[in-house]
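Structure first, commentary second.
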Amino acid sequence: MSTVVSHPELQRWINEIFDHCEAKEVYLCDGSQEQFEELAEKLVAAGTLVRLNEERRPNSYWAHSDPRDVARVESKTYICSERQEDAGPTNNWRSPLEMKATLTDLYKGSMRGRTMYVIPFSMGPLGSEFSIIGVEITDSAYVVLNMMYMTEVGRTVLERLGDDGNFVKCLHSVGAPIDDEESEDVPWPCNPENTYIAHFPETEEIWSFGSGYGGNALLGKKCLALRIATAVARREGWLAEHMLILKLTDPSGRVHYVAGAFPSACGKTNLAMLVPTLKGWKAETIGDDIAWMRFGSDGRLYAVNPEKGFFGVAPGTSSKSNPVAMETIKHSTIFTNTALTEDLDVWWEGIEQEPGKLTDWQGKPWDPSVGSPAAHPNARFTVPASNSPTIAPEWQDPNGVPISAIMFGGRRSSLVPLVTESFSFDHGVFMGATMASETTAAAEGKVGKLRRDPFAMLPFCGYHMADYFAHWLAMGESGDDSKLPKIFLVNWFRRDADGRFLWPGYGENSRVLKWMIERVEGKVDALSTPLGLVPKPEDLDLEGLNLEPERLTQLFDVNESELIEEVVSIEEHFNSFGPKLPKRLWDHLERLRSTIRNN
Ligand code: GDP
Ligand code: PGA
Ligand code: MN
Ligand code: MN
């Protein structure tokens with residue numbers, strides 16, 4: 001095979017994979033528009049993509065996946081550290097030797113008949129102290145297009161890498177060789193029986209096999225920027241988090257940046273694109289899914305968004321719930337598993353337009369009388385962040401933005417109040433470590449089941465979760481107390497007895513953000529409760545909302561028997577980590593338990 005790059009180790013690896021996977025040819029991705037169009041055309045010809053109506057949705061495409069390949073597969077995701085105890089009880093584990101043996105067999109000839117794409121990419125602005133370079137080798141052109149929207153790809157990255165720079169090796173194959181040159185390829189090749197998403201944190205490698213779905217196949221995102229990055233961050237003393245980053249400007253022009261961790265499909269993208277309903281407030285987006293954070297020389301915690309695009313949930317997105325997203329995806333967007341309209345535009349449940357005659361996400365004529373949705377609940381859009389009308393000018397600042405407040409949140413139909421501030425940074429770590437959420441369609445498995453999802457990182461932490469808690473505590477200790485972000489637990493998803501959401505959410509969440517900022521600025525007091533500090537009724541700005549007082553009460557009501565159940569459940573959760581669980585977290589649980597006893 002001819003030389004494609006000047007970096008000797010990268011070239012050696014390319015040769016090795018090319019020979020082992022028996023690819024037809026090598027294609028070096030340079031990040032150019034010409035290549036994007038060439039690959040898009042190829043995918044249209046293969047039936048993977050449908051080009052959307054050029055007038056209604058310029059430069060956009062629709063894909064629908066194999067129905068067995070629609071979400072992240074946590075049961076097939078592995079952290080392959082040398083020692084099992086380093087992966088911890090929340091991760092699947094195999095020894096690197098064993099996993100590499102299994103996968104080496106599977107990769108043998110797995111790219112037969114296919115082009116092997118080499119994608120040099122950067123997570124984080126090139127040249128930033130924060131950034132990490134990766135190279136993904138994949139046999140999926142769909143992956144290339146999505147990576148081009150989600151990350152910095154191509155020549156600029158290779159230049160930065162030089163001839164001896166470090167990069168994370170990210171290997172991906174859909175695991176569906178074309179053995180017979182004559183036979184036609186399927187539109188969405190994948191191999192669900194043999195899917196593995198394997199991470200080697202010690203050697204900083206990712207081996208993904210069998211799936212073409214975003215979170216399993218776009219290896220810069222969940223695999224590198226979270227699972228591998230958490231392990232690197234622990235060694236180097238920073239944080240890799242499943243967080244949105246939002247810029248807020250108050251009516252007097254003062255700016256604050258806030259970050260927020262919510263499990264998948266629990267509102268990060270929406271909050272990152274929030275349109276405040278409060279007069280005079282302005283919100284802009286820095287990032288919608290991942291934050292890398294480290295202390296700056298001034299002692300404040302700085303965050304960058306390592307991504308360059310959004311991979312957002314389509315269903316539920318409308319000009320009412322998220323007008324910014326609707327504006328962002330007007331052009332240059334790849335839609336996956338939405339429905340397709342007759343005039344070649346996209347449709348999903350919750351969008352305002354009437355459905356008309358549709359092709360459903362499985363590519364079949366949609367029959368509404370059957371009762372199944374036209375779009376898959378985890379249908380996604382992939383779009384460059386630069387499309388967004390509210391992207392903040394500093395969103396790619398190599399130094400990041402200083403964080404004033406951190407939110408943790410999830411779907412809790414009961415118990416957890418609309419907003420609670422932690423008593424201290426440590427107590428905030430307790431809030432993160434104990435958060436729980438009802439499961440969503442973003443991952444395989446049952447929807448609506450309550451599970452502990454610490455820091456919204458359950459599927460993304462690349463090492464022992466109790467060590468991760470300890471790392472958070474240590475970060476708090478190494479920081480200057482007066483400059484640490486304040487920590488809040490929020491819940492937009494509490495329901496009334498009829499199952500309706502108590503809080504209107506979306507743009508109205510700005511009311512909660514305002515209170516947080518006022519707390520950060522020391523402008524208002526708070527009321528102490530067993531779970532933390534809550535707003536005094538007069539301090540939560542509800543003007544013009546028409547929220548019945550009864551509903552407001554319910555939003556903050558903490559039912560004692562539910563609280564007792566919660567304490568028992570947290571104890572079980574903590575016990576699952578064994579002796580590694582930091583004592584300080586046990587102390588917070590004991591304090592909570594004692595408040596119940598004293599009542
Ligand atoms: P992400 O996956 O964490 O980025 O979550 P998204 O922002 O994409 O939202 C996932 C789902 O939650 C969508 O169906 C949204 O419509 C819904 N959602 C987001 N924010 C809110 C909110 O404030 N209240 C309610 N009730 N639903 C929300
Ligand atoms: P999400 O991102 O958090 O926006 O859903 C994708 C995922 O977590 O799978
Ligand atoms: Mn996510
Ligand atoms: Mn999102």
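Residue numbering: from 1, along the chain as shown.
Just so it is clear, glycine is given a Cβ too, placed from its N, Cα and C backbone atoms.
Some features that TrEMBL has for this protein:
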DOMAIN    12-234  domain 'Phosphoenolpyruvate carboxykinase GTP-utilising N-terminal'
BINDING   Arg72, Tyr213, Gly214, Gly215, Ser264, Asn378, Ala379, Arg380  substrate binding site
BINDING   Lys222, His242, Asp289  Mn(2+) binding site
DOMAIN    238-593  domain 'Phosphoenolpyruvate carboxykinase C-terminal P-loop'
BINDING   Ala265, Cys266, Gly267, Lys268, Thr269, Asn270, Arg380, Arg411, Tyr506, Gly507, Glu508, Asn509  GTP binding site
ACT_SITE  Cys266  active site
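Known features from TrEMBL, placed on the structure.
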residue: Tyr213; record: substrate binding site; DSSP class: coil
residue: Lys222; record: Mn(2+) binding site; DSSP class: helix
residue: Ala265; record: GTP binding site; DSSP class: coil
residue: Asp289; record: Mn(2+) binding site; DSSP class: coil
residue: Asn378; record: substrate binding site; DSSP class: coil
residue: Glu508; record: GTP binding site; DSSP class: helix
Looking at the binding-site residues Arg72, Gly215, Ser264, Ala265, Gly267, Asp289, which have a C-beta within less than 6 Å of some atom in ligand 2?
Arg72, Gly215, Ser264, Ala265, Asp289
Across all protein chains in the structure, which of the binding-site residues Asp289, Glu508 has the highest Cβ count within 10 Å?
Asp289
Residues lining the Mn(2+) site besides Lys222, His242, Asp289 (CB within 8 A of their CB center) are Gly215, Lys221, Ala225, Leu226, Ser264, Ile290, Phe460
Going by DSSP, give the three-state secondary structure for Arg72 (substrate binding site).
strand
Taking the recorded substrate site as Arg72, Tyr213, Gly214, Gly215, Ser264, Asn378, Ala379, Arg380, identify the other residues of that chain whose CB atom sits within 8 Å of the mean position of the site's CB atoms, giving them in sequence order.
Val70, Ala71, Phe311, Val313, Thr336, Ala442
Near ligand 1 by the Cβ criterion (under 6 Å), the recorded positions from Tyr213, Ala265, Cys266, Asn378 are Ala265, Cys266
Measure from each Cβ of the binding-site residues Tyr213, Lys222, Thr269, Asp289 to the atoms of ligand 4 and list the residues where some distance is under 6 Å.
Thr269, Asp289
Consider the binding-site residues Arg72, Gly215, Lys222, Asn378 and say which one has the Cα lying nearest the Cα of Ala265 (GTP binding site).
Asn378
Ser264 (substrate binding site) to Glu508 (GTP binding site) - Cα separation in whole Å
21
List those of the binding-site residues Gly214, Lys222, Ser264, Asp289, Arg380, Tyr506 whose Cβ lies under 6 Å from any atom of ligand 3, in sequence order, or write none if there are none.
Ser264, Asp289
Which of Tyr213, Tyr506 (the binding-site residues) has the most other Cβ atoms within 10 Å?
Tyr213
Model confidence for the domain 'Phosphoenolpyruvate carboxykinase GTP-utilising N-terminal' (12-234), as mean pLDDT, reads 97
Quick one, of the recorded positions Ala265, Cys266, Ala379, which Cβ has the fewest other Cβ within 10 Å?
Ala265
C-alpha spacing of Arg380 (substrate binding site) relative to Lys222 (Mn(2+) binding site), in angstrom
15
Using C-alpha positions only, work out which of the recorded positions Tyr213, Cys266, Asn378 is nearest to Tyr506 (GTP binding site).
Cys266
